[in-house]
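Each remark here refers to the structure printed beneath this line.
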Amino acid sequence: MAQLYSSVKPTPMLKDELDIVIPTIRNLDFLEMWRPFFEQYHLIIVQDGDPSKVINIPVGFDYELYNRNDINRILGPKASCISFKDSACRCFGYMVSKKKYIYTIDDDCFVAKDPTGKEINALEQHIKNLLSPSTPHFFNTLYDPYRDGADFVRGYPFSMREGAITAVSHGLWLNIPDYDAPTQLVKPLEKNSRYVDAVMTIPKGTLFPMCGMNLAFDRELIGPAMYFGLMGDGQPIGRYDDMWAGWCVKVICDHMGWGVKTGLPYIWHSKASNPFVNLKKEYNGIFWQEEAIPFFQSVTLPKECTSVQQCYLELAKLVREKLGKVDPYFITLATGMVTWIEAWEELNSAEGTEAEAPKGKN
């Protein structure tokens, strides 16, 4: 595992244009090992669970801390779209941010090391991924052609070499892999030690299981679609929040002509969650995903949808019409999707209400 404190302080990229969003139910001691990489950035911490519990944050970080009472105060009746007792609550941080970019990480994710033993600056790599183009329309067999030491291979169309705007950078994990509960149960001791030094664009028309524990995106571009759904307390499903967002985001990025990257950077995922608890959360989703994925694979958004908000509302309508037949939960989820967009517009319009930082600065 990585040492507790890195000795190297890098020059921060985009420090005034990026927020780090962290959902948590516990003290954030893990930030100490990220201090050299995160200290000069602004943090948005979304406290899940009991709002009366005091969350301790190491001294020296610039942050806002929101709990459920703050979410209810800021959103009023629209707070119903934000999940409770589930890490899906992190998307509230996306909504109240005023920055162009978001990086979100879980509180059990530590600094990883590459095969040479060098600590990985995950945030820096995500930023590089977002600032360079993607290649969603034609696959380059050398993966990222914009990376140092790589280029487009023979046969790659010259007309496509400018690439597409990158909307999402999806990072990976060493140590504990992001498995579903059935896989956890049959492979309880499995660890991921395989470091693949590659970044690739997920091709247009291909879905992927997005994981929210090491994820960056262009908030101004795709933020309104980064809704992590209704999960956790009072809902018949959990642990599908990030994947639901990923399916929606990928369909919209394909429609808008934007790219989604996956691969580097790696973080060290420190602990496995309980597979029996996970199975209870995932049980319905294991069956529902067999209906949901074909739905997203077949969705075609009308050309009249020219903004992310329009695309997302169209998706919400289709979710209600098509997936509502699978289970009434999807009708509730579609309502949440619409409420999310209404709340996003309310907080992010030119005349929108400012979400006051409830705990000030540290």
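Just so you know, glycine gets a Cβ as well, placed from its N, Cα and C.
Mapped onto three states, the DSSP output places Arg154 (N-linked glycosylation site) in coil. Other C-beta atoms found within 10 angstroms of the C-beta of Arg154 (N-linked glycosylation site) number 5, with every protein chain shown included. As annotated by Swiss-Prot, N-linked glycosylation site applies to Arg154.
If you look up Swiss-Prot, you'll see Arg154 (among others) marked as site 'Required for activity', on the strength of similarity to another entry.
Here Swiss-Prot flags Arg161 (among others) as site 'Required for activity', drawing on similarity to another entry. According to its DSSP assignment, Arg161 (site 'Required for activity') is coil.
Cα of Arg154 (N-linked glycosylation site) to Cα of Arg161 (site 'Required for activity'): a span of 12 Å. The Cβ neighbour count for Arg161 (site 'Required for activity'), using a 10 Å radius over every protein chain in view, is 15.
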